[in-house]
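Undergrad: Pasting the relevant annotations from TrEMBL:
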TRANSMEM  7-32  transmembrane segment
TRANSMEM  52-72  transmembrane segment
TRANSMEM  93-111  transmembrane segment
TRANSMEM  131-150  transmembrane segment
Amino acid sequence: MVKRDLAIGLIFLTQTTVGILGNFSLLCHYIILSFTEYRWRSTDFIHKHLIVANFLALLCKGVPQTMAAFGWKHFLSDIGCKLLLFLHRVGRGVSIGSICILSVYQAITISPGNSRWAELKVKAPKYLSPSIFLCWVLQMLVNIIFPMYLMSTLSDKNITNKKDFGYCSSVRHDKIRDSLNAVLLSFPDVVWLSI
């Protein structure tokens, strides 16, 4: 069991480290570009938000999961647990939404001039900022209910029906309520992916 936990911890550590280094290099790239006379493209705005969303997802899930895999499980308070998983879900949702917005924008941009998308080529750049902002707001609103069902592993409440995440745990309710929450939480992701 100890070798298995060590292997999982090393895998989480490697993935988290590579992800953080990749996002950090992109962040440095955009910081350097902001000091030069670089002419910003419309897709750069999406990339910046994607970097922030990926950082949120990586730091709020990868780091605690790595710590839990190495055996350090009781390090978050109740509020810390709720905030961390809320920020992870928001970052994950915004990543999916930003990739969808980027894909739609690129599909409009590369479409031929005589297609039905031609008139959208001119209008599309001005809708990028509101779309990304709407993506952030919707993810925060949808995921606001998620922390209500979480508690820290330090919690002294005696609950027998819970799901353990290693560093946090979730209270399980009846199957109908859990199913409705699962549908509500996954609905925006399904919509983004279908677009």
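Even glycines carry a Cβ here, placed using N, Cα and C.
For each feature listed, report its degree of burial, its nearest neighbours and the pertinent distances within the displayed model.
TA: When Cβ-Cβ distances below 8 Å are used as the criterion, the transmembrane segment (131-150) is approached by residues 45-46, 49, 81-83, 85-86, 89-90, 93-94, 97-98, 101, 168-171, 173, 181, 184-185, 187-188 of the same chain, each at least six residues removed from its ends.
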Undergrad: Using a Cβ cut-off under 8 Å, which residues of the same chain at least 6 positions beyond either end of the transmembrane segment (52-72) come close to it?
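TA: Distal contacts: 5-6, 8-9, 12-13, 15-16, 19-20, 23, 27, 84-85, 87-88, 90-92, 94-95, 98, 165-168.
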Undergrad: Under an 8 Å Cβ to Cβ limit, what residues of the same chain, 6 or more beyond the ends of the transmembrane segment (93-111), are close to it?
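TA: Contacts with the transmembrane segment (93-111): 42-43, 46-47, 49-50, 52-54, 56-57, 117-118, 120-121, 124, 128, 131-132, 135-136, 138-139, 142-143, 188-189, 192-193, 195.
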